[in-house]
């Protein structure tokens, strides 16, 4: 399964266009534009599984850098500040990584 099985390719493209410039990425805005914020819990779990490169059950900081590239191969890498802000916004238990529940909570809030 791929992200385009869950999200509309045109919504993904619009979300990526919105954050092309370095330091312009906002997770909340990206989730809204891409349509992720409207998806069910089971769909968000599947999206999380796709984003979890090493299938560890967590999205770590090094995986977050390449977050946009999971949506489109040629997308830019997140800047260090964007990555740290994204991680801090979702990592509620302070373990330095984002679990599936933390991800779902962030997308749906």
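Backbone N, Cα and C define each Cβ position, glycine as well.
What TrEMBL says about this protein:
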BINDING   52, 54, 56, 58, 63  Ca(2+) 1 binding site
BINDING   91, 93, 95, 97, 102  Ca(2+) 2 binding site
DOMAIN    39-74  domain 'EF-hand'
DOMAIN    78-109  domain 'EF-hand'
Near-site residues: Ca(2+) 2, ref 91, 93, 95, 97, 102, CB cutoff 8 A to centroid: 58, 90, 92, 94, 96, 98, 99
Local Cβ density at residue 102 (Ca(2+) 2 binding site) - other Cβ atoms counted within 10 Å: 19
Counts by DSSP class (helix H/G/I, strand E/B, coil) across the domain 'EF-hand' (39-74): 18 helix, 3 strand, 15 coil
Check: same-chain CB within 8 A of Ca(2+) 1 site center, minus 52, 54, 56, 58, 63: 53, 55, 57, 59, 60, 97
Protein Cβ atoms within 10 Å of residue 97 (Ca(2+) 2 binding site), excluding its own: 20
Closest of 54, 56, 58, 63 to residue 91 (Ca(2+) 2 binding site), Cα positions, binding-site residues only: 58
Rounded Cα separation (Å) that holds between residue 93 (Ca(2+) 2 binding site) and residue 58 (Ca(2+) 1 binding site): 13
Rounded Cα separation (Å) that holds between residue 54 (Ca(2+) 1 binding site) and residue 102 (Ca(2+) 2 binding site): 18
